[in-house]
Amino acid sequence: MSLLQIYWRALQYLAAYRLKVSLVVAANIILAVITIAEPILFGWIIDAISSGKPDKDILFLWGGFGIFNTIAFVLVAREADRLAHGRRASLLTEAFGRIISMPLSWHHQRGTSNALHTLLRASETLFGLWLEFMRTHLATAVALVLLVPTAFSMDVRLTLVLIVLGLIYVAIGKMVMDKTKDGQASVESHYHTVFSHVSDTISNVSVVHSYNRIQAETSALKTFTSKLLDAQYPVLDWWAIASGLNRIASTASMLIILIIGTMLVQSGELRVGDVIAFIGFANLLIARLDQMRQFSTQIFEARAKLEDFYVLEDSVQDRDEPVGNRDLKSVRGDVEFRHVSFDFANTTQGVKDVSFTVKAGQTIAIVGPTGAGKTTLINLLQRVHEPQQGQILIDGADISTITRQSLRNSIATVFQDAGILNRSIADNIRIGRENATDEDIVKAAEAAAATDFIESRLSGFDTDVGERGNRLSGGERQRIAIARAILKDAPILVLDEATSALDVETEERVKSAIDRLRQNRTTFIIAHRLSTVREADQVLFLDHGRIVEMGGYDELSAKGGRFAALLHTSGLLNDDDKTAVKVG
């Protein structure tokens, strides 16, 4: 994208505030016009003083312009600040909502820390552009456009000096941007690397401590920051050179104006006040050119950040619900997969031509080796991914025609990784049903056998669980997740090895709660511990994304196939009678 395209798209984010932004910009343009009048008035004052006939009216007018300009600038700047801050806050909220709505495959491919870093840096960059647009960008352009003809009307020769000064500024800026284009892109790449390393290390700090990686990870970060500085320094050097060249040009221009102006005053072609006015014009021009240079630097440095953000924004635009999708209501729980296929990009993993039917209220266990596609099936059911072929139906309705919100309201999931947020225990359980009362939360916790450890905490249900629930044990986190699913009370239940983190005694208590929860609900059990699938009405054995075996527990146990072999390996199939031993 060109710099102009990047800038124009940045301004399009202000569309919702169009009226207020237009008023602020218009006010700044008026202020820019007033600043051009000030040097002229000051020149008149000097002429009046030189002639020995000071004009009080002009003096008061000049002072009034200055006071008005100052007060108006403060008010306009205040409004511009509020608009820019407000738009940044709304942008963060909007982009955050779109990002978290994306499928897991998008997050795995993009990287959560990368998306977060891109969003945060872009929001700060856009904030700076919006603020300067409202404060200076258009005002600077208008001031420069008006300054030249005004100066021409006073003296062509001195005006040419100002024009040459402007051309020098433009040439220097163009040269530096050409020299630093690749370097600035490299700087942004290194920033992403640094942020990703910090985020990755801190999120896995327990591993870092366990394997004594503190020094190694710190050294790695030092290496990354050194590479960042190696890329940053040449860019900074070029802009420092540009600043020096601009200062030389502005000083030389002022000197030339004074020399030529003195000669013209001596020859009687100009008054002293005219020269003073031109010096004011020169100072004004230099200030505006400096603003242009800062704008050029700003948009140039923003280029890599915003290009990455625009790619991010474009990639999340397609998650809007298709027009015409309807809500899923009065769900019985009949589920059917019809020749469903889905492949992950650049891998051999996924599911291939999967077909099965689950009647309302039945329990189906999905087993198989790691990477067989068990979790993928459940993600397809919840429209985390969309099938590339085939259909998934609930109560006879293709879920691709159902709104995601109503679909997911009908499914309660207990993940193997409990998914605990950095909030209170009550807040984590309330995720199951936002409008749940405190009494509802307590009942759900009791059903999940969680009240014992909750009540042992000083703050009880108000206990802050820490980041990812790190102040709780694995079993405690899992029981909160089960309580959340109980509270949701959805007609379809998904258990992703829900008791895997529990000890034997707690597992028995939770199993009773889960058995009650499964009643009159369609239940999917993703099983790694095969002792949990005994009571399933139907068992699917997946391997490499395909259904290898399907049938009842006892049927598959006696069949002597892949499922029976897995039971035998797990110690759940007796060699003498080849029957499953009920565990628990």
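Easy rule for this one: first residue shown is 1, then count along the chain.
Any Cβ shown, glycine's included, is placed from N, Cα and C.
Transmembrane segment is the annotation Swiss-Prot gives to one range among 227-247, 248-268, and that range is 248-268. By the count of Cβ pairs under 8 Å, the stretch nearest in packing to the transmembrane segment (272-292) among 29-49, 57-77, 136-156, 158-178 is 29-49. Beyond the ends of the transmembrane segment (57-77), by six or more residues, the same chain brings 24, 27-28, 30-31, 34-35, 37-38, 41-42, 44-45, 48, 135 to within a C-beta distance below 8 angstroms of the stretch. In the structure shown, the C-beta of Thr375 has more C-beta neighbours within 10 angstroms than that of any other entry among the binding-site residues Thr370, Thr375. Confidence in the domain 'ABC transporter' (335-569), given as mean pLDDT, stands at 86. Around Gly368 (ATP binding site), the same-chain residues six or more apart in sequence whose CB sits under 8 Å from its CB are Lys374, Leu540, Phe541, Leu542, Asp543, Val548, listed in sequence order.
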